[in-house]
Structures are given as structure tokens and as C-alpha cells.
């Protein structure tokens with residue numbers, strides 16, 4: 001077991017590092033919605049955001065600069081300020097006594113740092129040294145659906161293609177898609193800064209950097225993080241991660257091969273009972289998960305469930321989740337809730 | 001061999017059934033670009049389009065009503081007016097002596113009717129009884145890339161997820177996406193008529209009708225048509241077909257398993273030499289196929305070529321093709337060109 005001692009209290013001092021970003025904003029919404037027991041709320045960001053005012057439960061909070069001294073008296077520090085800032089400042093937060101839940105990729109594959117999706121491996125969270133990593137958004141959305149299927153039929157291989165929304169790349173990237181849309185409608189030139197190419201009316205098969213084997217880092221996260229979260233290094237995941245012109249919520253076409261056959265009916269039954277999952281699978285009524293309708297929802301929605309016609313023990317389905325909520329802020333807050341319960 | 005006799009001439013009388021649709025317009029563009037040897041051009045459509053004027057090589061052509069008597073003297077009839085009109089009128093065209101190349105799904109799986117992609121199975125075209133079927137757009141774009149890989153390594157299984165553009169559902173569907181975009185920019189209500197749901201800022205995992213096994217017809221076309229075109233009933237294809245807010249050109253994430261190992265390098269070499277295929281695979285320069293840049297091009301573009309980390313003889317890649325061109329009109333005209341050469 002890790003050596004970090006978390007002390008239960010009635011209310012907690014909570015810091016948010018990266019409070020002005022897309023995930024930061026969602027942290028605040030969710031803390032408010034879930035009435036998280038907060039004593040002091042400290043909003044931290046880079047120097048250029050200092051002095052900005054952010055509303056929380058009707059009160060104004062001033063953004064302070066994220067420094068090594070930011071965490072005195074903090075019980076829980078939620079980080080979403082990029083991997084380099086997590087690497088730099090998370091150890092200071094732990095030293096100050098805070099439990100860090102980090103949304104970046106900085107610590108996810110570190111041996112001594114748990115990588116947690118509460119519906120899948122809640123127990124792992126308690127074996128920590130002060131830092132708990134929040135997985136990649138696309139991976140979280142997939143594993144909440146994989147977990148009940150793996151428990152029943154043992155998954156051997158996953159082939160997944162993603163349809164990832166613009167806000168997965170941050171608030172400014174989402175704004176770029178909206179700005180491109182307005183510019184197109186006015187017949188004005190379309191500006192490209194945050195994405196590699198124009199996203200409006202396009203799809204871009206490139207998320208995060210390329211690695212030596214031809215997969216992107218985002219695709220390799222789905223391979224590596226799925227194994228760590230599921231606690232099974234025999235699961236293999238091949239992913240193609242693609243950006244699509246959607247504002248919020250990621251979609252994924254998932255095809256799995258299992259050791260034991262899972263019928264479509266059995267899959268529907270297992271997924272219906274699974275925590276964090278909603279089955280929306282009524283093709284005769286044109287009902288299946290779509291990002292436009294899943295955005296803003298907490299659960300991951302699964303539909304298009306069918307037995308794979310190309311593989312004896314194959315199953316294929318479609319899962320959609322709000323990547324700012326379950327894919328990021330909500331999952332991190334659910335991890336914190338494991339400790340305060 | 002089929003019993004239809006095609007007679008070579010210097011110039012041909014060509015009819016287009018469905019001349020006012022998205023594919024119909026593309027037929028005209030491509031016939032002009034390729035300087036197809038036309039004597040008479042007859043533009044046919046439903047009664048409500050009669051009298052419309054369409055330009056071809058600078059001259060005005062009046063649209064005539066598609067009837068059983070429309071094909072007198074016609075040598076080649078290009079059909080893209082929907083399956084029910086093909087079923088009704090294609091036999092009349094053949095009776096009048098025309099070679100019908102049909103872009104609908106009406107005849108594709110008929111035993112005596114060839115289903116042709118010239119780069120894959122040109123020879124099959126000549127064994128016809130007057131009707132040749134043009135495959136589904138998504139299937140054509142995939143099989144031009146699969147063919148050289150199959151010839152080298154024998155494909156056993158294909159897992160494919162599509163990212164299909166709005167114009168695959170017709171000119172009015174494409175216009176609906178543009179209208180939704182303009183309405184959103186003006187803050188006006190968004191109208192949904194042609195698609196099942198709003199397409200702007202959304203993805204819809206539903207193309208064509210659902211079948212009993214949970215796959216859509218579009219997805220089953222990829223299974224059935226691939227086998228028929230490739231002439232190999234052992235190939236298995238599981239597809240998830242998804243509409244994305246793109247104007248033109250379909251994208252596909254394809255993962256294959258082969259009998260013989262195909263390295264990424266070998267795949268690049270095979271695809272580089274393949275007719276109708278361009279390899280665009282320079283991740284270090286952010287170069288890979290995307291619909292915004294492939295729209296309007298004749299070839300299918302392949303990139304993101306990599307060995308599958310989850311399967312010994314696995315390969316995965318990304319292919320993009322203009323579904324109105326290679327996926328429909330161009331492929332049909334290339335079939336016609338097999339006969340006039």
C-alpha cells in the first residue's frame with residue numbers, strides 16, 4: 001500500500017490547477033452539481049490568467065498563480081494544466097499534504113501511481129503515494145463499457161476507431177471550430193491555429209504526437225492505459241484516433257474478441273447493470289448514442305450492440321461519453337469522492 | 001459469358017438517369033473532364049425536374065422525364081436515380097439496346113450481374129446481360145486499397161469504421177448540412193429533414209436501414225459486396241458506418257488480418273504501385289489523407305499505414321476517397337471506358 005494518509009473531514013480545502021481551461025471549468029460545474037463538501041476553494045492557473053474572476057456557487061473567486069507555494073493547507077488538488085505543469089507542481093502539492101488527482105498524461109504509466117476509473121478499479125486508488133492519475137478521456141469512455149464485458153467473457157483484443165470532439169483539445173480548440181463555422185457562414189477566411197488542419201467539414205486522423213510504430217501517442221494510450229486500468233496485461237488494443245467537427249463528447253466504434261462468447265442480448269444485460277453506463281440501443285426508433293445528445297451527461301452511452309459476423313466470439317458496439325465530464329473532470333472528482341465517503 | 005453485345009463506335013449516345021442528383025452532376029463533370037466520346041447526351045430525371053436546363057461542354061441540355069421509352073438509340077445508360085427506379089427502368093434501357101451501368105443497390109448482389117471496380121475485377125464487366133452494377137461508395141473506396149494487399153497476403157478479415165460525408169446521402173442532404181451551418185452561425189433554428197438527426201457538430205452511427213443482425217444495410221454491403229468484387233467468399237468484413245459533418249469524400253479506418261504477413265513498408269510499396277491509389281503517409285509533416293483535401297480528386301488516398309500491434313499478421317491504415325467520384329460516378333464511367341477502349 002502507498003504511504004499517503006488522507007484524513008477525512010467535514011469539508012475540504014480544494015485547489016484546482018488549470019482552473020481556466022475546458023476541464024477546469026468542468027471541475028467547477030461538477031463540484032457545484034454534486035455539492036462537493038468544500039471549505040476553501042483555490043483556483044490556480046498560469047501567470048497570464050491571474051486576476052481573472054470565476055463564479056462558483058454564486059460567489060466570485062480570483063484566479064491565483066500556480067506556484068510551488070500554492071498548496072499550503074490544501075486537502076485535495078485537482079490538476080488539469082498539462083503534463084509539464086503536473087510534473088513540476090504535483091510533487092509540491094503532495095509535500096504540502098494534498099492528495100493530487102492529475103488529469104494529465106504525466107504520471108499515468110508510473111508504476112507506483114494508480115490509474116483509476118472508479119467503476120473499474122476503485123480499490124487501486126487507495127494504494128497511492130499522494131498522486132492518483134486520471135486516464136486519457138478516450139480510454140475512460142471505452143473501459144467503463146469494456147469492464148462488465150471483460151468480467152463476463154474476458155476480452156482478448158479490441159479494435160477501436162474514435163470520433164473525438166474539438167473540446168478534447170481544450171477550450172481554445174473548441175472555440176477554433178466555432179470560429180471556423182462562423183467564418184465559413186460569412187464567407188470569411190478560415191483560420192487554423194490549434195489543430196493541424198481545418199476541422200470544419202473535415203476529419204483529422206491525428207491526435208497527439210506520432211510514435212515510432214506509426215501509432216499516435218493517443219492511440220498508444222488506449223493500448224497501455226486500458227491494460228493498467230483493467231489490471232490485465234493480456235488485453236490488446238489497436239486504435240485509430242480521429243478528430244471530428246463536434247463540439248463535445250467523444251464517440252467510439254469498438255469491436256472486441258472475447259474468450260467466452262457474449263451474445264448481443266447478454267451484452268445488453270451486462271451493460272444495463274453496469275455503473276456509469278446507459279444502454280441506448282433502439283435502432284427501430286433511430287435511437288443510438290450521439291455526441292450532440294450525450295454532451296453534458298455524466299454516463300457513457302452504449303448502442304449499436306451486435307454480434308460480430310466475422311468472428312465467433314466477437315462483439316461490436318458504439319459508445320459515446322462527454323470527454324470533459326466522464327472523460328476528465330467527473331472521473332477525477334469521482335476518485336476524490338472515494339476518499340471522502 | 002453474358003449475352004449482351006456492345007458495339008464499338010466512334011461516339012456514343014449516352015443517357016443519364018438521375019441527371020439532377022449529386023451523382024448525376026458528377027457524371028457530367030467527369031464525362032466532360034475525360035472527354036468521353038459522346039454523340040447524343042440525354043438527361044433523364046423524375047417528372048418534377050423536367051424542363052430544367054443543365055450545361056455540358058458549354059451547351060444547354062433540357063432534362064427529360066425518365067420513362068420506359070427514354071432509351072431509344074442509347075448505347076450507354078448511366079443510372080443513379082435510386083434502386084426502385086433502376087429496377088423499373090433499367091430493363092427497358094437494356095431492351096432498347098443500351099448497356100446499363102447502375103449506381104444503385106438494386107442489382108449488385110444478383111448472380112448474373114457483375115459488380116465491378118475496374119482496378120479490381122475489370123474482366124468481370126464483360127460477362128454481362130446488359131446491366132453492370134456499380135458498388136456502394138464506401139466499398140469501392142476500401143477495395144481499391146484492399147486489392148493489392150489481398151493479392152500479396154490474402155486478406156482473411158477486415159474491421160472497418162467509416163466517416164462518411166453528407167453528400168453520400170445526395171445533393172439535398174449535403175445542402176442540409178450547409179443550411180444547418182448557416183443557421184447555427186445566425187443563431188436561427190436548425191432544420192432536420194434528410195438525416196435522422198442534426199448532422200452539424202454531430203456524428204450519426206446510422207446509414208441506410210437496420211437489418212435483423214443489428215448491422216445496417218450499408219454495413220452489410222461492405223461485407224457482401226467486398227466478397228463479390230474481390231471474387232473471394234472467404235473474406236469477412238465487419239463495418240460500422242457513421243455519418244460525419246463533412247461535405248464530400250468518405251474516410252475509413254481499416255484494420256486487416258492476412259494469411260501472409262505484410263509489413264508497413266511492403267504495404268506502402270504495394271499501394272504505391274496500385275492503380276487508383278495514392279499513398280500520402282508522411283506523419284512527420286502532418287500529411288495523411290483527409291476529406292477536405294481528397295474531395296474532387298479521382299484517386300483514393302491511403303495513409304496512417306502501420307503494422308497492427310495486436311495481431312501478428314495485422315495491418316491498419318486510413319483511406320479517403322471522393323465518394324461522388326471514385327465511389328460513384330467515376331467508377332461507373334471507368335466501367336463504360338472498359339467497353340469503348
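Glycine too: its Cβ is placed from the backbone N, Cα and C atoms.
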Quick one: which of A:323, A:334 does TrEMBL put in the NADP(+) site with A:20, A:21, A:22, A:23, A:48, A:49, A:167, A:168?
A:323
Which of these recorded positions is closest to residue A:137 (active site, acyl-thioester intermediate) if you go by CA atoms: A:167, A:243, A:250, A:323?
A:323
Can you tell which of the binding-site residues A:20, A:108, A:323 lies nearest to residue A:164 (substrate binding site) in space, using Cα positions?
A:323
Fill in the CA-CA distance, residue A:48 (NADP(+) binding site) to residue A:108 (phosphate binding site), as an integer in Å.
28
Taking each of the binding-site residues A:20, A:167, A:323 in turn and counting other Cβ atoms within 10 Å of its Cβ, which one has the fewest?
A:20
Around residue A:243 (substrate binding site), which of the listed recorded positions (A:22, A:108, A:250, A:323) come within 10 Å, judging by Cα atoms?
A:250
If you count Cβ atoms within 10 Å of each one, which of the recorded positions A:22, A:137 comes out on top?
A:137
